[in-house]
């Protein structure tokens, strides 16, 4: 792909995948048995210069599914009280129907053919999202069934640290540990980190890739 204008379109940047940044807060580590309590989803956009940034964020407090396990240690860690009526929690199905609607609309607007989850330690978030979708018997999920972009891995390569707070600070992104472990806060910081890495790679000349014929021509010139 030699056309720079095309290279600056989101649909070409990730092979037709639309990146969706997600963070979940849960009542444990087991996606099959432990409750999903909170989810935030950040949608991204790319400008005419090929710079990726945050578009908007959706945020939901989730009612534990029937029979869900609630690990006291997990609740103490994230500070969530599932019984607090002020949470304004909704069912998993209600939340994911809204998420599907927003993601599919943004995916279509970017002319992408599928969405891919971006998360910090993505296997964890992807597992809880996938299991919730399965419990709700929702069809035609916009998300790839197994592929993800893991910002812990990307940050380890690009910045030299895998912890979200440390990686953000090293990238010049403010991070307040008092706000951490809120799905809304962590999702937006993860989105900023992902965008920083992608944009930094572009600024260093890593994207767009030269087409094969351009590489050959450049090699001939240098020779």
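Placement of Cβ uses the backbone N, Cα and C atoms for every residue, glycine included.
Record features (Swiss-Prot):
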type	residues	note
BINDING	23, 25, 181, 186	Mg(2+) 2 binding site
BINDING	23	Mg(2+) 1 binding site
SITE	29	site 'Important for substrate binding and specificity'
SITE	77	site 'Important for substrate binding and specificity'
SITE	124	site 'Important for substrate binding and specificity'
SITE	146	site 'Important for substrate binding and specificity'
ACT_SITE	181	active site, proton donor/acceptor
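Positions of Swiss-Prot features highlighted on the structure.
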residue : record                                                 : Cβ within 10 Å
23      : Mg(2+) 2 binding site                                  : 28
25      : Mg(2+) 2 binding site                                  : 24
29      : site 'Important for substrate binding and specificity' : 13
77      : site 'Important for substrate binding and specificity' : 11
124     : site 'Important for substrate binding and specificity' : 17
146     : site 'Important for substrate binding and specificity' : 9
181     : Mg(2+) 2 binding site                                  : 15
186     : Mg(2+) 2 binding site                                  : 25
Beyond the site residues 23, 25, 181, 186: chain residues whose C-beta lies within 8 Å of the centroid, for Mg(2+) 2: 24, 38, 40, 78, 180, 182, 183, 184, 185, 187
At the Cα level, what's the spacing in Å between residue 25 (Mg(2+) 2 binding site) and residue 124 (site 'Important for substrate binding and specificity'), rounded? 10
Whole-Å Cα distance, residue 186 (Mg(2+) 2 binding site) to residue 124 (site 'Important for substrate binding and specificity'), is 14
